[in-house]
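To start, the structure itself, in structure tokens.
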């Protein structure tokens, strides 16, 4: 059987789709069904470290996507999953549930350096391969008014750590070390390596 010339993207994130397009990779969405509780997969377990957390969540997402592909009887092709989390020390900053939580997170990040961890996993048949990207982001001090204005924009909602690096918050980011695409949600260097290993020509 010839190798597939496309990948299933098991993500609803427009940013990840955009990044995958930068690689020139053909993809098909493998979105969760309406009855799938994807948010439950992102629950933190006890004193789980940020690295252990992001790897575990990515594996759970890949498990769910693999089962989804089987149920739908899809043609064989690599399945790509990814998860991103923001960590301040050992504290995991997930997606804020509301404006108050977004405000609290941004106060923590203001004037500090934090890590952004993105795990990527690809399944090709029974084989699974993984990679992890860790970057560091430094925020300049933000005033209460600046935080309030940013939260009011709605941009922090649905984003790990309550911000989108490619959005308005960029004016407060003083330094980045690592993978910009990884901070956005899909580290392209690691992703390209995984897809090549799965048989795609990039």
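In case you wondered, yes, glycine gets a Cβ from its N, Cα and C as well.
The active site, proton acceptor annotation in Swiss-Prot covers 83, and the record cites sequence analysis as its basis. Residue 83 (active site, proton acceptor) falls within a strand when secondary structure is assigned with DSSP.
Taken from Swiss-Prot, the feature site 'Important for substrate specificity' applies to 15 (among others), supported by sequence analysis. For residue 15 (site 'Important for substrate specificity'), the same-chain residues that are 6 or more apart in sequence and have a Cβ closer than 8 Å to its Cβ are 164, 166, 184, 185, 186.
There are 27 other Cβ atoms within 10 Å of the Cβ belonging to residue 84 (site 'Important for substrate specificity'). Residues annotated as site 'Important for substrate specificity' in Swiss-Prot, with sequence analysis given as evidence: 84 (among others).
According to DSSP, residue 166 (site 'Important for substrate specificity') is assigned to coil rather than to any helix or strand. The feature site 'Important for substrate specificity' is assigned by Swiss-Prot to 166 (among others), with sequence analysis given as support.
Listed recorded positions: 83, 166. The one with the lowest count of other Cβ atoms within 10 Å of its Cβ is 166.
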